[in-house]
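Have a look at the structure below before the remarks.
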There are 2 protein chains.
Amino acid sequence: MTGSYLKGRIRREDIITATVAVYAEAGYHGSSLREIARRVGITHAGLLYYFPTKEALLAAVLERRDAEDTERERLSVPPGLDALRRLVALAAHNMRHPGIVDLYARLAAEAVTVDHPAHEYFEQHYRMARGYAVESFRALAARGELRAGTDPEWAGLTFVALMDGLQVQWLSNREEVDLVGSLRFYLQNLLTVPLDQDQP
Amino acid sequence: MTGSYLKGRIRREDIITATVAVYAEAGYHGSSLREIARRVGITHAGLLYYFPTKEALLAAVLERRDAEDTERERLSVPPGLDALRRLVALAAHNMRHPGIVDLYARLAAEAVTVDHPAHEYFEQHYRMARGYAVESFRALAARGELRAGTDPEWAGLTFVALMDGLQVQWLSNREEVDLVGSLRFYLQNLLTVPLDQDQP
């Protein structure tokens, strides 16, 4: 088994998996590319071939998280009440994994500057999330299930911002902040039907 | 004029003022205690006497910001509709000062871990903000101005989280996110009276 053969087998995905483990132990700021390379069993230079910066690797971790979230909560369902319910289920899932919520919240705040390596990721992520939420409220409006006079655009923007803002507050004080309860309060308040009713 | 006389005149407040200027130019991460000491005209050791860590100084900046916010928007008005309007006015003010919003959002996310020097500040800040918002919604409920069935506790928690979440999204994309409009949407949705009506 030659070195180049081994090197060929080290896949991008393996590096991302090792990175998630290192983040969980040391946090993003406490991690280093050298430590991650050591875990994967490659050289520092070998790791840089796949991910030239710490931030590029972090962006890859977040992209995989998005893909897993979509798969787990089947967020590929059409926009509508069921989609919003799945977003609440996703928040409930996140509460059982505070490490990744922490990482995500921290990076989102860091990445607001346009020159941050994850800026584009978050801009696109938020745009997609807002679009999905807005379309869901539009679908509700079309079925007469959105309270009269409620603008789906505002409802969607507000819902996505609320998810993020609640995560930071919940991380700060888990006893006093009920993340899922607050999302349910917000949604129920806009609906003319019970949030938990069975879909026809 | 002796050294000790000069040293005596260097007040805590002067250091905080210089720090705000340095943050505005270089950001929190790009700043150093050495540079701040140079601006104030004291030694690094002299600065450490007042603020032993970079984070302690940051906490002082945030505390002063809170005090200024309270003064400017007269947040010492009793909880109620006018108090909520003033919080929206504060958000509008913040939109004209993105640097401090950026700093605040970033630090809030960093400070979720209990061992962070600003953790206690944010925990207390959020608790006070939630309390003020909850009391405001209670006052509205007592006047029959809160929509029937709306729990003031949930309304307050959700409002404060929304303010924070919107700031991060607005910083990410200022064209697509209307921070003040979204807060107004949220509030109007819970009220039985116009948000902008004159108070009796």
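Note that Cβ sites are derived from N, Cα and C of the backbone, with glycine treated the same way.
Feature annotation (TrEMBL): of B:32-51, B:152-171, the stretch labelled DNA-binding region is B:32-51.
Per-residue pLDDT, averaged along the DNA-binding region (B:32-51), amounts to 92 for this model. Each residue in the domain 'HTH tetR-type' (B:9-69) gets a DSSP state, and the totals come to 47 helix, 0 strand, 14 coil.
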